[in-house]
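Some notes on the structure that comes next.
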């Protein structure tokens, strides 16, 4: 069976945006204009086709990235919906891995907002080419040129408008296409229609010329050939301009900008044309890196030939077909009814049915080809980030990094009978979302759930009720504290026991040194002359690692330490791995007590947007919460306050902020780094922990 769409004509794109930039509406209109969904879902009524989970409908925010296939001008576009809320950055990271290009949607009034910066950073990290769509041009205060400045100054990118708006706010009529120098006008506001090409209005001729010159300059810098032609005063042909824009877009040296209003159906068709013209096909992006079990690196080229290799990037539970695993095929093809090899887990998986998803309908298919995205039904052991490959070529594609959770709460089912249902539900949800963890508190026996923020955990509890019919009581949020040391110390420890027959003997000298924040744990073997035989060294490492689980101050995990074993002794008969493990563990604990141990807490980057009248109250309140105000800006007549605040002080912040500002301020918060807790607060934490 051969493929219906050639690889060159496949586009895997995501629509990434800040929470209210109109991302879902833009996705909806794309699906509408590509002829897949006939009634446009409006987010305001909570009926968008992409937002297929109940809570999203209520909250009006998009949570899970669903992959949807649609067609435009004989190209297959796989649309991966990415969430716009900070607590779901893991979802964004995950979709960035499998995208080849992105459409960044900005609100023409709000411009570059904090979440847009986070999403932009992630797109830079994965080298994703993108085009910008400035949406909501019909809103009061719409300003295309402001957004252009913000992209340049805040995101440090090089925006190149390919269109400029005709009018703004209520007078927004359409756009001037700077490539063809034609005005594209939408004459009917109420229903989706095609645009009409007209001559450029006289009052905009000069501005259009100025912006076209800027565009041509940017394009000419993408190759020596075009530069020579441009400097020689020759006109660039239409084809050359388009090739130059694409080259600049793929090398991330330029970001093409378009504008419109998705809600009023203006500007969507030219956006689709730009996706097809300027965003990359799967074989136009860098090959994905992989490695074999022995560590040899390999580069995996996107092609139908060669052994199958794909990445499972998302797991969802579907009420009708059970568990769906979304897979992006990088090489070869995947057939339903065949077998694939999970090279991350070393397990064989049977491929059941294969589905191409439309946001809420599904089409059964026989084969997924290179560059395509689809869902597999019935995989047993495959989790997010696992590689599926052929048994003949067990490549492991580069793994995804998932952040550690920063907040935990205890959950208990309302009725004892629900205990088992609750653990099944939580395990299913943890499979879907690698940034969500479930554990049991050893002392109290309570079930603890941990995640990236309050909203993240609220939604988990909500999904337990809706999807699994388990009602849960939720405890007080707990912060994920850590411990570390501040001084370098050397510590000797001898573990020797003699109780009839064979004794136990382990003797180590350890050096404990503080590392830079975020470095984790480093172990160094500096034993000379075999004073400790090398078969015992792993036991020393293991002993230290066990001691790291419970710090000496309040029993929190210890991080950012380097431990060197540099001397010691052993006994021919009595030494054992166990003895060295215990010596290292106790030696580390003793050393840590002298090494200036401190408690660390997660610091959140908080951005509050508030009318000026309330600014004093907001800053005063942040200071009360031990926050450090970092910067103050203005945006659209409001004040923007950026601060670092300890997570421990931020519980219930949304309610407090609402009452301080009569509901007129908004905020966003994401984890930034760990920082030392002030002594008085640390004493309280220790007292509480140690009873």
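The backbone N, Cα and C atoms fix where each Cβ goes, glycine too.
Features reported for this protein in Swiss-Prot:
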| type | residues | note |
| --- | --- | --- |
| DOMAIN | 8-283 | domain 'tr-type G' |
| BINDING | 17-24, 81-85, 135-138 | GTP binding site |
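Features as recorded by Swiss-Prot, highlighted on the structure.
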residue	record	Cβ within 10 Å
17	GTP binding site	28
20	GTP binding site	17
23	GTP binding site	30
82	GTP binding site	26
137	GTP binding site	28
Quiz item: Helix, strand or coil at residue 23 (GTP binding site), per DSSP?
Solution: helix
